[in-house]
């Protein structure tokens, strides 16, 4: 049972968990030890397992109707899974409380992330009183903007006190995560309409979502480029420029199709998506050259 719970909690994949890129980037940028590297990944594992499990649990009925087999497991073990969610969130708090090098602000930011991700998904408890945040684009965007920056900043405090370098880390990874959020909404359009949600995927056109995603991703690269030119991060972090050829190629293909989501840009979307990983890897390697 525990293995199944952890497996479900690892979806969807992101660059903090189960992919350990956020930990590796912070490790290389901060120059901290391996203890911080390991603890940061445990923190990411705890937080994202809780947030993902809670989201899947609240969507279990809809997911079961959509043919997702894991949903039946969640429905049958709703109480136990809820207890695991609370436990994993609690572990996140404990790690920050004992390990963070800027404890007060990190606890505040972690608490903010926990509350927002809970309200984002919840329709079992508080969601019976107020509309859960994921069902309306205003609260959806509010949640993602705050969590995209509050989580990496609290994450950074495992490695070091808040500093200019920590702010660069937060902005670069935050804009990247936000970019992926707008891209993710593209695949949720039909499901959100069917469920009666007013999410970004419903109120904005697919073309607009794609354009915003690209702009945010470019913003994340600019953060690293300017921080390098201003000597906040190593000059070698300009290695992130190597991701521009695939990004520009993808943008060219998107523009050629007038930013419409067609089968002609599927391969370009894959290239664009892999550029996220390329950017973070290049940033991490550049910090050590």
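Glycine residues also receive a Cβ, built from the backbone N, Cα and C atoms like all the rest.
Feature annotation from Swiss-Prot assigns transmembrane segment to 13-32, 37-59, 80-99, 104-121, 141-160, 165-183, 203-225, 235-252, 265-287; the stated evidence is sequence analysis.
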Six or more residues out from either end of the transmembrane segment (235-252), which same-chain residues have a Cβ under 8 Å from its Cβ atoms?
214, 217-218, 221, 224-225, 227-228, 268-269, 271-272, 274-275, 278-279, 282-283, 285-289
Which bits of the chain, at least 6 residues beyond where the transmembrane segment (104-121) starts or stops, bring a Cβ under 8 A of a Cβ in it?
47, 50-51, 54-55, 57-59, 89, 92-93, 96-97, 127, 130, 132-134, 139-140, 142-143, 146-147, 150-151, 153-154, 157, 162
Among the recorded stretches 80-99, 141-160, 165-183, 203-225, 265-287, which has the greatest number of Cβ pairs closer than 8 Å to the transmembrane segment (13-32)?
265-287
Going along the chain, which residues at least six beyond the ends of the transmembrane segment (265-287) come within the CB cut-off of under 8 Å?
15, 19, 21-22, 24-25, 28-29, 172-173, 176, 179-180, 183, 214, 217, 220-221, 224, 228, 233-234, 236-240, 242-243, 246-247, 249-250, 253-254, 257
